[in-house]
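These features come from TrEMBL:
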REPEAT    77-109  repeat 'ANK'
REPEAT    110-142  repeat 'ANK'
REPEAT    144-166  repeat 'ANK'
REPEAT    189-221  repeat 'ANK'
REPEAT    222-254  repeat 'ANK'
REPEAT    255-290  repeat 'ANK'
REPEAT    291-323  repeat 'ANK'
REPEAT    325-357  repeat 'ANK'
Amino acid sequence: MLQDNTRRTDGVAQFQRAILQQDNRLLRFILDQNAVDLKRVDVNEALCICCQQNNIEGVQILLSLKWPLNLQYKDPEGRRALHYAAAVGGVNIIELLLREGIPINIFDNNKDYPIHLAVYNGHIGVIKYLIRKGALVNNSRNQNGETILHSAVERGQVDLVQALVEISLVDVNVETGLGYRNAPSPRPAGYTALHIAVQKCFTDIVKILCVNGANPNKCGSDLKFPIHIAAENGDVEILKILLSAGANESVLEKMENTPLHVAVYSKTPNQVQVVEMLAKLGTGINNYNSQGMAPLHIAACLSIPQVVDTLLQNGSKISLQSRRKGETALVIAASTGHLETINLLLERGSDIRDRDTMGHTVLHKVLSTQSKFLGVFSFCPKM
């Protein structure tokens, strides 16, 4: 490792000082005077440092040496000169390095290619130049299985995402892969840039992707579609964008939940608005998930009277029984002992005589929870 040995005056120390302090005049002088034995210094490391500094003159000096540079050299982090040049936006240095024959599609210990580092730092010009020179676009994946588009979306780089989707080689629907060498990934494989943008609540990026051909009906390995994620987040604006782009409101994830099921499960500030938006579409409001529950059953179980009311106003069948236990929403609400939900269902016409497949009635359920709620049923007919 190069060190700035200010107290030493020999050629090695002068070389190290010139590199670290970007003193190109000193560097040129000691090399012209043969004042340093190049066998005693690491010219390849010095080249990486000059690239990291975006010191194009220093790079030119080192490349002009009559000394065999190792174009395959990489530092302890697995990075090469091209990685550092891309990270700092040194497009002119990149041009010099590629002219020398340094390979363009190489990755470091984090599986980052030079083009990834350009993305991380927002260097649009470098990205476009690397792509023109043959950098992989849809197949260069970092340790999280992300391509450059995924990485740009992950960081919320709106201008960069806009620039990338305008490049014909960039596949807007490319999917994330598995983590490198089974490394843990922040999300399931098979997610598109749209999944990530929705997950991160980046409304502007969601718009850009949808306008430029992103498919809202692709699912990840967890079988989640972007619309499920938007419903889970309670993101009204993104939900509107997805529906306008053709998102199917009836798609199922691995537990066979529709987006409406997910919205009912997710207690977000905009929950009622999201539930109403999806319920008004009229598709699958009485559909069951893999647990045999319709959205109304879930709302009753979670004791959310506002959601129960919204579902009933938009077509939920109040007498619908769950598949496993044959419970209506009223029987389920009685099991939780939530007075407001019970009252609401009775006002909306639920039958006090409802019972599950085991023959348990609403009153049985109430007795097994809290007897104080019996007053709710004082006006009900005898069973």
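Quick reminder: no glycine exception, Cβ is built from N, Cα and C everywhere.
Values in this document were obtained by computation on a predicted structure and should not be read as measured data.
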The repeat 'ANK' (325-357) resolves under DSSP into 17 helix, 1 strand, 15 coil
Is the repeat 'ANK' (291-323) packed against any residues at least 6 beyond its ends, judged by a Cβ distance under 8 Å, and which are they? 255, 258, 260-261, 263-265, 267, 271-272, 275-276, 279-280, 282, 285, 329-330, 332-333, 335-336, 338, 340-341, 344-345, 348-351, 354, 356
Under an 8 Å Cβ to Cβ limit, what residues of the same chain, 6 or more beyond the ends of the repeat 'ANK' (222-254), are close to it? 188, 190, 192, 194-195, 198-199, 201, 203, 206-207, 210, 214, 216, 260, 262-263, 265-266, 268-271, 273-274, 277-278, 281, 283-284, 287, 289
Who are the long-range neighbours of the repeat 'ANK' (144-166) in its own chain, taking Cβ under 8 Å and residues 6 or more past its ends? 115-116, 119-120, 122, 124, 127-128, 137-138, 172, 174, 176-180, 183, 185-187, 189, 191, 193, 196-197, 200, 202, 204-205, 208-209, 212-213
Can you tell me how the residues of the repeat 'ANK' (110-142) break down into helix, strand and coil by DSSP? 16 helix, 0 strand, 17 coil
Residue counts in helix (H, G, I), strand (E, B) and coil for the repeat 'ANK' (255-290), per DSSP? 16 helix, 0 strand, 20 coil
